[in-house]
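Pulled from TrEMBL:
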TRANSMEM  B:287-311  transmembrane segment
DOMAIN    B:291-403  domain 'ABC3 transporter permease C-terminal'
TRANSMEM  B:339-361  transmembrane segment
TRANSMEM  B:381-401  transmembrane segment
TRANSMEM  B:422-443  transmembrane segment
TRANSMEM  B:455-475  transmembrane segment
TRANSMEM  B:499-518  transmembrane segment
TRANSMEM  B:892-917  transmembrane segment
TRANSMEM  B:952-971  transmembrane segment
TRANSMEM  B:991-1017  transmembrane segment
Amino acid sequence: MSGLAISTTGLVHIYRAHGHDVAALSGIGITVRPGELVGLLGPSGAGKSTLLQLCGGLLTPSAGRLQIGEHNVATMTEAELDRMRAGDVGIVLQGAGRNLIPYLTPADNVRYAQRAAPRDRQLPSPADVLELVGLREHADAALTSLTPGQIQLCAVAVGIATFPGLLLADEPTSQLDHHARDEVLAAIRTINAETGMTVLLITHDPEVAATLPRTITIRDGRIASEGRSGEEYAVVASDGSLPLPPHVAELLPAGTLVQVTTDDGEIRLTAVEQEGTQ
Amino acid sequence: MFLPQALRYRWSQALVLAGISLLIGTCAVFAPWFARAVEQTVMTETLAGQPLTAAWQLEARPPRSTTGAATAAKPEDLDRLIPADLRPIFTPPSYGLYADVNWRRPSDPPQQQIVGRLFWRDGYCAQLVLVAGRCPQSANEVAVSTVDQTNYGLKVGTALRATPQGYTGGGKLTVVGLYKPADPQSTYWFGRAPIGYSHLVEYPDPSTSDFLLTDRTTFNAVWGQRSTLDTRPIPSVARIDDLQRLRDATSTVNGNAVEAGLFAQNTSGLIGLVDRVQEERKQATTIIPLVMVQVALFGVVVLALALAAVVDQRRPELAIARLRGSTAGRAGRSLSVELGLPVAVGTLAGALTGFALLLIVRATWLHHGAPLELPWTVPAALALALVVGLAVVLVQVRNVVRQPISGLLRRVVPRRRSRALGLVDLTIIVMALAGLVAALTGGGRGPLPVLTPTLLALAAGLAFAHLLLPTAGLVSRQALRSGRFGLALGALQVSRRPAVTRIVAVVAVAAALVSFAGQAASVAERNRDSRAGYETGAEGVLAMNAVSLGDFSEAIDRVDPERRWFTPMVISRPPSPDSLKTMMIEPDSFRRIAYRGNQLTDEFGTLKAPSEPKPIEIRSAQLTVTAATRPMKTVVPGTSNGQVPPPQEPPKSVVLQANLVSLRNGARYLVRFPALPLVPGKPVELRTQVDCLGGCSLLRLGIGREPNDMTGVRGDVFISKVASDDQPSIALGRAEDWQPVKQLGADQGTIAATSAGQGLTLAVTSLGNDQFLQYATVPQVVPALVTPDFAYNDTSTSPALDASPLPLRKLDLNGPVNRYPDHTAVVDLETVRRLGGTVDESTTDFELWLNAEGLANAQNIIDQLGKAGFAAELADRRADRIASYGRSASALALQLTPVVGVAGWALAIVVLLLMVVTSWRSRAQDYASLRITGVPASTTGRAARWEQTGPVALAVLLGSVCGVVGAQVALPMIPLFADAGGPIPLELDTNWLVAVVLWLAGTVVLTTATLLLGTGVNRRAGYSRIREELT
C-alpha cells in the first residue's frame, strides 16, 4: 500500500478534566504528503501526542477537519475507525512494552497485529516484516531475551504489520542508547523508503529531529514552526496568523501593536510605541 | 489462536480462576447429589431398620368367618393386590396358610384342649433346625417345636387330634419332626415366627402350643384356614421417587381387596414410614442448600472479584488489540475465551470433584445407603453453575472492553472518589437488607432464611468498609501528628485504596459463614443430645417386671441402696389415653440421675412425702380399739324431689374401720372392727384380725355401717385407745393430722377429727357410706407436676398403683417431663408407697433409670435383679437415640458444615492473595518511594503488614458477630428434626464457646495470611521497583 496523506484544517481537541475544558490543540492545520517522513516536535503538553492519537482515531476531534488518505476521521464511526487501524494506520505507542503482548514471540506479535486486517488485504509475512526492521533472526525469540533496542524494533514491526499507509510513532527512540536509537531510526527510514509509507513520529531528541527531512514544532496547541533539512521556518496558518519564533516573540510581548509593512519583497514588523508603554 | 500461550503465561491466574470455579462446580453438583443421597439413605435405613412396619401383611379370611366350611382365597390370589408397577421393588411374596386349632393327643380326655396354630409357609423347612425326624412332606404331617416337646411330651410319631376353632372340619395329625427355628428374628418370618407361644395352662390363658408346621396339602381338607401374603419394599431397590406410589398403593389396597371380592385385609405401617421419610426429605432440601448454596454464592462473588482484578490486568492487552484494529466485541470475545476456559474447566472439574466427594461421603457418612444415580437436578445445577460462571466472565470483560482505547491505554483506571458510596455497593447493601427483611418476615422455611447470615454480613461488611475509609484517614492524620509513622502510613494506605471495601466485605461474609456453620452444627448437636436425653429419660432405662411395689423396692434397695446407679420409676397408666398417667419418682435420686433431673422443678421439697408425722406402724396379728359413742342423732337426708322420705328404723351401731398398708408387699387392706353399739358413754373394746406380723402402717381410720343399719346418724365417736400385740397403746397423734378423705358425689356425709384428751374424737355424719380420715403421712391431695398439655383442674386425678384415682395438687413445672412428656402427673414414689395398693400389672410399668455409671454396670444390675426374681432388660439408651438422630436427614446434612468453614476461609485467603497479587506492585512502589525520602524500612514494614491486617481483623470480628446474629434469626427456621418434638423445646441459644473459638481461629488464620503477605510486599519495596518497566 502506498503512503497516505494527512491533512488537517482548524483541528481542535479539548480535554475535559475535573469540570474544566483544556484545549490541547487549538486549530492545527498541517498537510503531510504521501510517503513523507515527518517529525513532530515540541515541549511536553504541547499537543503532539494528542495530534498523533487523533490521527490514529484513538481520540475524536472536538472541531476541525482531519483527513487521513480517504478517511475523514472526524466523522467516522467506531467500527470504521477499527477498520482504519486494522489496515491503513499503524501506531507505535511510547514505551515499547505497551505495544507488545509479552508472552508472544516477535513473529507472533506481528501475527497478532495482523488478525484484524481486512481479508482482501495482501498481508506481508511476519518474516518479511521483521526483515524490514532487522529482526528476522529473532523472529521466534522470547521478548525477554531481546535488548531494549530490539524490543523497540519489534514494536515498530508490530506497527507496520499490515504495511499500512501511515505509521504513527510516539517517541520510538526514547529511553534508548545512541546505538539503539540509530538502529530504530534507520529502520524507520528504511520502512519509509522501501514501502513509501507515510511516517509521523514524535521526538524530543534534537539529534533525531535534525536527521528528519521535515519537522513540525507544536507549541501551546498550535503549529509553531516547521523545519526543512535543518532550516526552521514559521508557518502561516490558514487564517493568516503567523506564530513568531521564540527569539522574536521575546521582543514583541503579548499585546504589542505591530505595524506590518512590505518593502521590496521583505516583510517588516515594526513595534508601535503606545501611550504609557515603552 | 494465541490461547495456549496466554494460558501458559498467566497459569497461576488460570489456576486461581479454575480453583474458584471448581469450588462452585463442586458445591453446585454435590448439593443436589448429596441431598438426593441423604434422602435415599434415610429411606433405605428407615425401610431396613423397620422391616415389619414397612411390610405389607395381607391376610384373607373365609367369607363366612364364624361357622361353615368356606375357604379363603388362595395366597396366590392376593398377588393381585400388589400393583404391577411396584412389584419390582417388593420382595417376592411369601405365601402362607394357617388355621387356629384346638388339639389333643388321642389318649387325652376330650375336655383337655391345647390351643395352637396349624401353619404352613412357603419354604419354611429351610428356616428350621430339625432336632428329630423330618420336615412334613404330605398332608396331615406336622412338625412341633422342641418347647412343645418338653411341655406336652410330644415326639416323632405322636398322633394328634385337631379341630379348627369356629369351623367344622379338622383331622388327625401325625408328628414327623421336632424343630427349632434357625433364626426367629429373620425377616423371612415377617413377625410370624413359630415359637414363643408354648405354655401350660396359666389362668385365664389355656394351654397353648407353638405352631404345628405342616405341609400345604394338609389344607386341602377343611380347616377354615386363612391365607397370608407377606412382602415388603426392598430397601436397596426402592427409590425415593417410589415413595408416593408406595403410600398411595398402601392406602388403597384394602379398598382394592373389596373390589376384587377378596375378603382380605392388609396390615402395614408403611404410610407412617413414608410420611416420616417425606418429613426428613424436607430437612435435607432445606439444610443442604443452606450449607452449599451459601458457599457457592460466596464462590461466585469471589470469582467476580478475581475476574475483575484479572481483567483489569488485561487492559494493556485489550488496548493493543484495539490499536491493531480489533473491534471491542472481538477483543472481548478473545479475552472471554481466555478467561472462560479455566472457569469452564474448573466448573466441570468441580462436577468430578463433587462426584468424588459424593463417593466419599456415601462410603463414610451414608454407609453405602444410597445407590449411585444421577438425578436431573445434578446436570441442571452444573449447567446453572457453568452459565453463572461464564456470565460473570462476560460481565467483567464487558465492563472493561467497553472503555475507550484512550482509557484502556491509561496506566491507572480512572475511578470515582474512593469515599463515595458506589452505586454497585449501595445496590448490594439495599438488596442484602431487602433479602434480610424478606427472610425475617417471610416466616417460611426454605433457602432464603438461611441466607440471613450471608446477607447480613454482606450489608454490614460493605457499610463498615465505607465507614472504614474515612476513619482510616482520620487515624492516619492523628497517628502522623503523634509521630507513629508506621500506623499513619498503614492507615493512609487503607484510606486511599477502595479495594479494601471488597476485602472487608468478603472476609466478613467468610467469617459469617464459618460462624453460622459452627452455630448450626453445634446447636443441632446440642438439640439432638438434649432431645435424646429427654426422650430416654436418663443415660439408660431398664424395664423390669414386678407385681408388688414392696418387692420392687426391696430388690432395688438391695442392688443399689444409695442410688449411685439408678433412680426407680413406676408408671401407672390410665385406661384412656386422654387421661393422666402417673409417673412416680424418687425426687432425690431423680434430680441426680435423670437427664437434667434437677431442672424439672423448683418444688422438689414440696413434691416429697412429708417427713412429719412419723407413720404409725404395727406388727401384730390383731388390732384392738377401745371406743365409745356420745349421744347420737338420727339424720334424715333430703330427697332430690323435696318429698318427705319414709320413716326409717333408728340407727343401731356404727362400724370402726381402718386402712392398713402392708410394709411387706405394699398392699392396702381394709379391716373392720365389730359394730359399735350406739350406747352413749360406754367404752367398748373392739378387736379384729390383721395380717400385719410383717408390719403395717395405719393409713386411715373411718366409720362404716352395718348392711342392715343404714339410717343416717350424726354424733361423736371417741376412740380412747388403740392397741396391738406389739404395742399396748398406739399413739394416734394430733387431731389435725387426721384429715377427711374426699368423697366423690354429693351429700356423702362428713367426718372430722377433734382432739379430746389422749384419744381421738371422730365427729361423724353418716348417711350409710364409709367415711375415712387419712393420717398426714400421706397428703389428702398429692402434690404433682402435671404436664402442661393436660387441662388440670381441682378435681383432676391420676391412677395410683391399684388404678384408684389419686387427687392431685399441681406444682410448678420448669421443663418437659423426661420420657413421658404428655399427659403425665409426676408424683413422689414414697407418697404412693405410703398410700399402698395392689399393683395392677396390666397398667403399671416398673423402670430403673440409669446414669452413665449405672449404664456401665447395667449387666451387673440385671444379674442381681435376676437373682432377686426380677427379669430386667435394657430397654432404651440415650446413646442409641443420639446415634439414631445422627442418622437423620438433618444430622447428615449438617455434617457438611465443616466444609463451609474450610471453604469460607479458603475463599477469603484467595481474595486476600488476589488483592495482593493485583496491587503489590503499586504498593511496593509506594513504599520504595517512601524509603527514598528517608522513611526506615521497619516503618514501611509495619505499614505494609498492618495495612490489611487491621481491616481484616475487624472484618473477621464483624462477620463473626453477623454469623451469630444470623444464626439466631435463621436457626428457628431450619428443621432440625422431622417432628416438632412435643413439649421438648428447641435450645437455640448461642454457643458462645464455638463462636469465640471460630472467631479467634478466623482471626489467627486470616491475619497471619495478611501479615505474611504484607511482609512479602515490604521485601519487594526496593529502589529498583520505582523504575521497573518493560522497556
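Note: Cβ is positioned from N, Cα and C throughout, glycine not excepted.
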Based on DSSP, tally up the residues of the domain 'ABC3 transporter permease C-terminal' (B:291-403) by helix, strand and coil.
93 helix, 0 strand, 20 coil
Return yes if the transmembrane segment (B:991-1017) and the transmembrane segment (B:892-917) have at least 3 CB pairs under 8 Å (sequence gap of 6 or more), otherwise no.
yes
With pairs fewer than 6 apart in sequence excluded, do the transmembrane segment (B:892-917) and the transmembrane segment (B:381-401) have three or more C-beta pairs that lie under 8 Å?
no
Which whole number is the mean pLDDT over the domain 'ABC3 transporter permease C-terminal' (B:291-403)?
89
Are there residues at least six beyond either end of the transmembrane segment (B:339-361) with Cβ under 8 Å to its Cβ atoms? List them, or say none.
3, 7, 14-15, 17-30, 33-34, 37, 303, 307, 310-311, 378, 382, 385-386, 389-390, 392-394, 396-397, 895
Can you name the far-off residues of the same chain, 6+ from the ends of the transmembrane segment (B:952-971), with a Cβ under 8 Å from a Cβ of it?
290, 439-440, 449-450, 452-457, 460-461, 464-465, 468, 503-505, 507-520, 523, 912, 988, 990, 995, 998-999, 1002-1003, 1006-1007, 1010
Are there residues at least six beyond either end of the transmembrane segment (B:455-475) with Cβ under 8 Å to its Cβ atoms? List them, or say none.
418-419, 421, 425, 428-429, 432-433, 435-436, 439, 487, 491-492, 494-495, 498, 500-509, 511-513, 951, 954-955, 958-959, 962-963, 965-966, 969
